[in-house]
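Student: Supplied in structure tokens, the structure appears directly below.
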């Protein structure tokens with residue numbers, strides 16, 4: 001006689017008390033199949049999220065680069081038509097044009113409550129900008145581009161280094177600083193420092209642009225096109241933090257790493273194109289002014305983003321890991337001051353030690369933030 005018994009999740013059949021052969025329960029098989037289908041569905045959702053976030057991120061990046069290149073051209077025309085010099089055009093107008101992605105990325109990140117994206121983008125962009133400035137010598141076969149620059153760049157670099165140290169202090173102190181209407185006093189000091197510097201910049205404009213540089217376009221047309229492409233940058237920069245944080249969450253890279261590397265690299269591409277074009281045109285003053293001015297403008301974005309951050313102080317909400325990129329940017333700016341005073345003559349593969357050090361600093365910062373993600 002064949003007997004069948006069931007115990008727990010497994011059943012067994014036996015012809016005698018000595019022979020028992022386990023038989024999987026049908027309920028167990030259904031649970032396994034359901035678990036596999038759930039895992040496949042989760043994997044499909046994660047893959048779709050990464051693809052959508054990556055596509056949106058690349059689309060915004062392309063729009064930022066495309067519009068940023070044209071912003072640079074019209075900013076140069078405006079500076080020439082108004083009779084302003086290359087130093088003023090680079091430090092104020094060109095820096096503001098190429099830093100529009102960082103500006104609206106920071107405001108958007110502050111409104112959306114993403115402090116690591118806002119601070120990471122500023123710190124990473126500053127490191128990349130100085131690294132690009134050191135690598136511009138690769139385009140010049142005769143010598144370094146940093147020799148014989150206007151003395152105003154030293155003053156601007158000192159401001160950039162001081163504002164970087166101020167931002168680092170704000171991150172380290174965090175919520176221990178008394179906030180005024182949820183705004184850190186560091187943010188207020190940074191904005192005031194930028195206003196003071198820009199007032200001094202207007203008195204030190206440098207040599208005016210030549211008539212050949214502005215031939216063929218009126219001031220009204222340049223201002224209109226400048227505003228139109230600025231609007232494109234604004235829209236793309238507003239959408240960029242959302243796609244960046246989705247990409248960070250779906251890929252597991254973290255907001256700090258994505259903000260300091262990917263977002264910072266994308267928003268620094270207009271500065272790269274501008275600097276290369278300036279060196280090829282024989283105006284390294286504009287390239288240096290654009291890079292240092294962009295760093296100062298980027299640091300000012302921290303103050304503006306703090307005003308837009310509704311959850312309290314931006315410096316208290318960001319992670320301490322962001323200090324790494326800001327400190328690296330301050331060190332590179334200080335080295336730029338040294339190089340400007342004592343310009344190196346020896347080069348390896350067309351780059352001085354300053355250019356190689358800037359590249360190494362950016363790679364090291366990215367690697368450290370990847371480990372700390």
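A Cβ is built for glycine as well, from the same backbone N, Cα and C atoms used for every other residue.
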Student: Which residue range, 117-136, 137-156, is the one TrEMBL calls transmembrane segment?
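Tutor: That would be 117-136, per the transmembrane segment entry in TrEMBL.
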Student: Which stretch, out of 16-33, 322-339, is listed as transmembrane segment by TrEMBL?
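Tutor: Per TrEMBL, the stretch marked transmembrane segment is 322-339.
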Student: Please indicate, using numbers and ranges, the residues of the same chain that are 6 or more beyond the transmembrane segment (291-310) and have a C-beta under 8 Å from a C-beta there.
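Tutor: Same-chain residues near the transmembrane segment (291-310) but 6 or more away: 90-92, 94-96, 98-99, 102-103, 106-107, 109-111, 113, 115, 118-119, 122, 125-126, 129-130, 132-133, 153, 156-157, 159-160, 163-164, 167, 170, 182-184, 186-188, 190-191, 194, 197, 271, 275, 317, 329, 333, 336.
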Student: Taking the transmembrane segment (157-173) as reference, which of 117-136, 179-197, 223-244, 322-339, 351-372 has the most Cβ pairs under 8 angstroms?
Tutor: 322-339
Student: Counting only residues 6 or more past its boundaries, what in the same chain has a CB within less than 8 Å of a CB in the transmembrane segment (117-136)?
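Tutor: Residues 102, 105-106, 109-110, 145-146, 160, 164, 167, 171, 241, 244-245, 255-261, 263-265, 267-268, 271-272, 275-276, 279, 284, 287-288, 291-292, 294-295, 298-299, 301-302, 305, 309, 314-315, 318, 322, 324-326, 328-329, 332-333, 336, 351-352, 354-359, 361-362, 365-366, 369 contact the transmembrane segment (117-136) from elsewhere in the chain.
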Student: Near the transmembrane segment (322-339), which residues from the same chain, at least 6 beyond its ends, have a CB less than 8 A from one of its CBs?
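Tutor: Sequence-remote neighbours of the transmembrane segment (322-339) are 116, 119-120, 122-124, 126-127, 130-131, 133-134, 146, 154, 157-158, 160-161, 164-165, 167-168, 171-172, 256, 260, 292, 295, 352, 354, 357-358, 361-362, 364-365, 368-369.
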